[in-house]
Amino acid sequence: MALLLSYPRRHPSIHLLILSAYALFLLPILDGLELGGDGLYREILRDETVLRLKELGKISDGEGYLERTFLSPASIRASAVIISWMKDAGLTTWIDQMGNIHGRFEPTNSTKEALLIGSHMDTVIDAGMYDGALGIISAISALKVLKVTGRLQRLTRPVEVIAFSDEEGVRFQTTFLGSAAVAGTLPESILQVSDKSGTTVQDVLKLNSLEGTANALGEVRYSPESVGSYVEVHIEQGPVLEALRYPLGVVKGIAGQTRLKVIINGSQGHAGTVPMKLRRDPMVAAAELVLTLETLCKEPNKFLTYDEECGCFTEESLAGLVCTVGELLTWPSASNVIPGQVNFTVDIRAMDDKVRETIVTSFSRLVLQRCDDRLVDCAVEQKHAAAATPCDAELTSRLERATRSTISSMAAGVRRAGGETPVLMSGAGHDAMAMARLTKVGMLFVRCRGGVSHSPEESVMDDDVWAAGLALVNFIDQNAVDAAAATAAES
């Protein structure tokens, strides 16, 4: 009414017309903004999702930085919050024997296989707030939209959101604990793997009131017959979408990955009394090997004989090869002591499994050669290996259609004029790799600023968060909602 009072005095009938126009046009617009009547559900898919991302990002074991590892105190607090959000979306919730959080809607009398949507709740050390969390919260928000619009009850197949307890592998140096357990590929021996403090996986499970037995581990496994597909939303962790000025992209496959641990033992001694020529210094050997790895992965043709080693290397197969030394530890780690032992990690990734396997073999051979030259003892342990994972073509096509529908319906500021939805390869490992052993998988990437990830500088625009959630709503609508019932209800 304040707006009407500012107008010149008019005949009462004019005021009635204005009020009628207000009621007919302005109120539905306001209602649409509040309840999603515009079909875009901004308040749930953008505003509430971003607030929840920030809330989860504050739950940390670190002081002043984000760290949330497998079943840590912060992980337990985060689980309680995620469960409350799942219940808010109308889902039935539970925690399995590997600490994964599940939220599921089960249609009455449905015999169809479930659609699983998930990502991981753990983080690296000094992490950003989007890696993993975005996939979980976007999925919960999408199902909340279905709940508030009455479409949740029209689902024709079960839809389940899973927040996996561990993907990064920070605490136990073994990735995909959560998703591999669900896929049924986690060996019983994992229970005896220990962290840096000597605490085993079994110890941690029992400390958190879980059984920590082989039988309990088997209970986590889903049967392939009960699952139709798995979909994961994740930040790109690369710069391609930003360069293309596009908020979303579909993933055609995930690079294979191998993690190694190199252990070098030399002669510990006094930094001032042992002559240089008489030293057996593992630090120098480690430094040389780090540079050797860099050269091997930058210029593999200098080390590999194509015909003998593989017979299949091409410019394309070698293009996605990347190698990283991310951790180096020395003992006793004192400034005036020649180290007695140096350990470092190696991460090797490639789109072509033959390339990756050959690089692993070649580097392991070079480690032994360099250590012999330096008169130090060494060993190479393989800690993790995962084959490249292709995404299901039909699932990818459906995600692409949902993405295209999303982008065309959003505001002009979110769209890039023309062009098709980008199709990307992922150089990073994801829970979808483990879940591919259970069912067909698909992935949706979300643009992140500068391609930065595993860093507090990780950043995603609010509207891109919105786009990801809306794409999931559209995907679920197209693949799990009774279209005939939905049309009848809306009419």
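Positions of Cβ are set from backbone N, Cα and C atoms, glycine also.
Keep in mind that what you see is a predicted model, and the values were worked out from it rather than measured.
Features reported for this protein in Swiss-Prot:
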SIGNAL    1-32  signal peptide
CARBOHYD  Asn109  N-linked glycosylation site
BINDING   His120, Asp131, His234  Mn(2+) 1 binding site
BINDING   Asp131, Glu168, His454  Mn(2+) 2 binding site
CARBOHYD  Asn265  N-linked glycosylation site
CARBOHYD  Asn343  N-linked glycosylation site
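Feature annotations (Swiss-Prot) mapped to structure.
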| residue | record | DSSP (3 states) |
| --- | --- | --- |
| Asn109 | N-linked glycosylation site | coil |
| His120 | Mn(2+) 1 binding site | strand |
| Asp131 | Mn(2+) 1 binding site | coil |
| Glu168 | Mn(2+) 2 binding site | coil |
| His234 | Mn(2+) 1 binding site | strand |
| Asn265 | N-linked glycosylation site | strand |
| Asn343 | N-linked glycosylation site | strand |
| His454 | Mn(2+) 2 binding site | coil |
Spatial separation of Asn343 (N-linked glycosylation site) from His120 (Mn(2+) 1 binding site) - C-alpha basis, Å: 28
Sparsest-packed of the listed binding-site residues (His120, His234, His454) - C-beta count within 10 angstroms: His454
Additional residues surrounding Mn(2+) 1, by Cβ distance to the His120, Asp131, His234 centre under 8 Å: Ser119, Tyr130, Gly132, Ala133, Leu134, Gly135, Glu167, Ile235, His430, Asp431
Close recorded positions near Asp131 (Mn(2+) 1 binding site), where close means Cα within 10 Å, chosen from Asn109, Asn265, Asn343, His454: His454
Shell of the Mn(2+) 2 site beyond Asp131, Glu168, His454, same chain only (C-beta within 8 angstroms of their C-beta centre): Thr123, Val124, Ala127, Gly128, Gly132, Ser453
Close in space, distant in sequence - Asn343 (N-linked glycosylation site), Cβ under 8 Å, 6 or more apart: Lys261, Val262, Ile263, Ile264, Leu328, Leu329
Residue among the binding-site residues Asp131, Glu168 whose Cβ has the most other Cβ atoms within 10 Å: Asp131
Site of maximum Cβ density within 10 Å, from glycosylation sites Asn109, Asn265: Asn265
For Asn109 (N-linked glycosylation site), the one of Glu168, His234, His454 that lies nearest, given that the binding-site residues are compared by Cα: His234
Inter-residue C-alpha distance, His234 (Mn(2+) 1 binding site) and Asn265 (N-linked glycosylation site) (nearest angstrom): 40
